[in-house]
Amino acid sequence: MIGEKKKCIGLIFGGHSNEHEVSISSAKTVFKAFKAQINRERFTVKAFYINKYGDWLDSDISEKILTGEIENYKTKKQEIFNQEKINFLDGIEFQNIDVWFPLLHGFNGEDGSIHGLIRFTKKPLVGCGIIGSALGMDKILMKTIFSNHKLPQVNYLVFQNEDLNDKQVKNKIINEILKKLKFPVFVKPSNSGSSLGISKVKNESEILLALEKAWGIDPRILIEEGLEVREIECGIIGNSKLITSEIGEVNYESDWYDYDSKYHSNNKIIIPAEIDSKITNEIKEIAIKSCRALNIFGFARVDFFLEKSSNKILLNEINTIPGFTKNSMFPMLWEASGLKIEQLVAKLVDISLDL
């Protein structure tokens with residue numbers, strides 16, 4: 001707006017989670033959106049890349065990573081600070097940031113870690129707070145709260161900090177799965193995103209390998225009963241008043257919606273999803289209720305299953321920093337709802353300033 005001081009956006013991306021590359025792709029989209037003509041009078045952007053070792057690189061280098069001038073930059077010569085320094089908030093690069101926009105998918109970012117760090121700057125951030133972020137990242141805690149709020153979910157089991165090197169423990173877990181769930185089942189680490197560490201298990205012989213795969217990421221393991229379902233997603237933005245996007249559906253070619261399906265396949269995206277208006281409204285209501293239950297605001301993507309045989313709505317999970325890649329559903333949902341990506345990022349900043 002003419003005469004109004006431009007807001008400086010601090011875009012944080014990369015990180016040392018296993019979703020590092022996804023974060024870079026998301027940041028490229030958001031960076032480009034802020035640089036678009038429609039946003040030039042309102043915003044400037046400073047990018048801050050965190051490499052896989054946890055080192056923060058300065059904004060000049062970080063911007064070149066986003067524009068493609070530099071690839072796989074790993075030197076520490078241009079860092080603002082590293083893990084041994086604690087006075088990083090005094091750095092001149094941080095002083096002029098008006099709003100932070102973290103795009104760190106996965107642990108040490110999306111789990112509330114970066115939100116806690118940003119709190120020390122006393123500047124607003126795009127997204128929800130520490131508690132909502134932590135709960136949204138932890139599948140076990142999330143599902144426990146959903147259960148307490150009587151929100152519909154698939155049947156599931158939880159195993160926490162079990163010693164998989166102990167044969168008796170392994171047998172106990174397998175027996176409980178056989179007793180309480182029906183195949184196929186999905187074995188998931190509690191703290192992970194983008195379907196990393198998840199396995200679809202079709203019979204007893206596949207359980208152990210799936211448990212070990214999930215255990216390698218997180219010793220807290222969630223096991224869900226697999227059903228014949230449609231993958232449905234809903235975007236959320238807002239603070240005290242949450243607004244829902246159009247409902248979308250993902251049709252994927254693979255056996256299930258795994259990492260490759262999300263980022264490397266030619267999935268068919270249907271927006272709005274071809275479902276009954278009554279079901280659509282119920283999904284939107286549950287999406288808002290689920291975010292309220294976890295104290296999630298700002299923006300999020302809520303994922304659902306719609307059982308094919310019964311049209312039963314089943315809440316899957318909430319993603320508090322959804323992807324902004326070219327294949328990501330969140331920006332597509334909002335574009336179908338009337339907000340192009342350039343308008344969406346500006347709207348998210350406005351929401352953060354309204355808190």
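Placement of Cβ uses the backbone N, Cα and C atoms for every residue, glycine included.
Under DSSP, LYS213 (ATP binding site) is assigned to a helix (H, G or I) in the three-state scheme. Here the Cβ of LYS213 (ATP binding site) has 17 other Cβ atoms within 10 Å, regardless of which shown protein chain they belong to. Among the features that Swiss-Prot reports, ATP binding site is placed at 178-233.
In the structure as shown, the Cβ atom of GLU317 (Mg(2+) 1 binding site) sits within 10 Å of 18 other Cβ atoms. The DSSP secondary structure for GLU317 (Mg(2+) 1 binding site) is strand. Residues or ranges marked as Mg(2+) 1 binding site in Swiss-Prot: ASP303, GLU317.
Its own atom aside, the Cβ of ASN319 (Mg(2+) 2 binding site) has 23 Cβ atoms within 10 angstroms in the protein chains shown. Here Swiss-Prot flags GLU317, ASN319 as Mg(2+) 2 binding site.
As annotated by Swiss-Prot, domain 'ATP-grasp' applies to 143-350.
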### Sparsest Cβ surroundings (other CB atoms within 10 Å) among the binding-site residues GLU206, ASP303
GLU206
### Spatially closest candidate among VAL185, SER199, LYS213, LEU227, ASN319, the listed binding-site residues, to ASP303 (Mg(2+) 1 binding site) (Cα to Cα)
ASN319
### Query
What is the separation, in Å, between the Cα atoms of SER192 (ATP binding site) and GLU317 (Mg(2+) 1 binding site)?
12
### Query
C-alpha of LEU178 (ATP binding site) to C-alpha of GLU317 (Mg(2+) 1 binding site): distance in Å?
24
